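Asker: Found this in TrEMBL, in case it helps:
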- 19, 55, 93: [4Fe-4S] cluster 1 binding site (BINDING)
- 171, 175, 178: [4Fe-4S] cluster 2 binding site (BINDING)
- 10-130: domain 'MTTase N-terminal' (DOMAIN)
- 157-389: domain 'Radical SAM core' (DOMAIN)
- 392-454: domain 'TRAM' (DOMAIN)
Ligand code: SAH
Ligand code: SF4
Ligand code: F3S
């Protein structure tokens, strides 16, 4: 007797652009479709459902989506010829910002889903299967996090030793260059109990390092179990008590929300890594004012002092925008000067990109592209030099490394320093999952070489014999 053939399980491919929030959301989209029987695949060619989780932060990021959709059109067509139906969805911040426009501009798109609607994905996919061109960019009243299924233990386990957890979403700051308040909506914090449950589950599955995410993560004000509002510092202190969690990080923070209790936590919470991304955007108070950052250059210097007093070995990174409307040579010099005075371990810098609908786009004094590029190169040269200097400063020091995987060379194991840089040593693979002291012996641009401090000790013992 012949059995009717079981339909092959469907496959979903999710590609992330932009920030870590999107990376986290992409995993949740894969989870929500996983609950519908979709397995996650690594290439669009294998998929029945292709989701592009997009970024709208700069013009180039947003435009990239359309060239990518061109590629998806070919994949979809090839599948159709082979008798297979493939669906293409656009998610993320371009979806939120452009909505219907995407379906009009790119016929290949079957559905458009904004960041607040991912829990409705199965329903949207079903509807788009009947009639392509479904758009959902509403900001629903229900909490998307509550509505999303929890990741299964097996999926969590396969994700390794480090994990992101979104604790806050959206932004009320309205910096005049930025689309995020429009694409992600108002600031919302997840309740403490939800965050705690997720972190406990990750820790039980072997995760040792958790990075708390939010567009404005230090503005966190989630409801605690005791009914009071918790700050990020209080949340971090609680999460540090979760068995297995050895390292905590958070990103991205706003300088204005670095409260005393958070600065204090950097001083006395061992699990909180001494590395902080603290975007300043410009070193000119005049530009900062037009950017609506609500902090001055001196406020930033004072803040850096406070943080370094609490945690002298902290390394800082930042974001910069050059060529904001009205930026003079003197303003730009102020930015270079701020970088020289602070000294960053790393930094990202961008040429200002006018975003439709933001106040910056309508300001006077737009800077021509060649000048922006020139300033960007000057700033990047300075930042690169500081980055090298920081890496070099670690040579000879012993740092704790969380080992994550086997390296490319035989016998090599790779982990991360407290400052996020990859560290390579020769050692047993049994170290994977552990935090082990390593003496740094050499610095490259993006990684460090080291020897196990224990091996050093053994050598010293042998030498003394
Ligand atoms: N929430 C974060 C920023 C998210 S966007 C924060 O408050 O810092 C990441 C970075 O992109 C920003 O820090 C900024 O440097 C850059 N950026 C944002 N809008 C931009 C624009 N219109 N043009 C160029 N760079 C921009
Ligand atoms: Fe954008 Fe400013 Fe909000 Fe950061 S704080 S997300 S730069 S509006
Ligand atoms: Fe981009 Fe949206 Fe993140 S615009 S940076 S994906 S919040």
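Every residue number used here counts from 1 along the chain in the order it is shown.
Placed from the backbone N, Cα and C atoms, the Cβ positions cover glycine too.
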Asker: Measuring Cα to Cα, how far is residue 178 ([4Fe-4S] cluster 2 binding site) from residue 93 ([4Fe-4S] cluster 1 binding site) in Å?
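Answerer: Roughly 12 Å, rounded to the nearest whole number.
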Asker: From 19, 55, 171, 175, 178, which binding-site residues have a C-beta atom under 6 Å away from some atom of ligand 3?
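Answerer: Among 19, 55, 171, 175, 178, near ligand 3: 19, 55.
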Asker: Give the number of CB atoms, excluding that of residue 171 ([4Fe-4S] cluster 2 binding site) itself, located within 10 Å of its CB.
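Answerer: Other Cβ atoms within 10 Å of residue 171 ([4Fe-4S] cluster 2 binding site): 23.
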Asker: For the [4Fe-4S] cluster 1 site given as 19, 55, 93, which other residues of the same chain have their Cβ within 8 Å of the site's Cβ centre?
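Answerer: Apart from 19, 55, 93, the close residues are 17, 18, 21, 22, 54, 56, 57, 61, 92, 180, 183.
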Asker: Who sits close to residue 55 ([4Fe-4S] cluster 1 binding site): which same-chain residues at least 6 apart have their Cβ under 8 Å from its Cβ?
Answerer: 17, 18, 19, 22, 61, 62, 92, 93, 94
Asker: Pick out which of the binding-site residues 19, 93, 175, 178 has the most other Cβ atoms within 10 Å of its own Cβ.
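Answerer: It comes out as 93.
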Asker: Just checking: which of the binding-site residues 93, 171, 178 have a C-beta under 6 Å from ligand 2?
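Answerer: Among 93, 171, 178, near ligand 2: 171, 178.
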Asker: Could you say whether, by DSSP, residue 93 ([4Fe-4S] cluster 1 binding site) belongs to a helix, a strand or a coil region?
Answerer: helix
Asker: Taking the binding-site residues 55, 93, 175, 178, which residues show a Cβ-atom distance to ligand 1 below 6 Å?
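Answerer: Near the molecule: 178.
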Asker: Return one of helix, strand or coil for residue 178 ([4Fe-4S] cluster 2 binding site), based on DSSP.
Answerer: coil
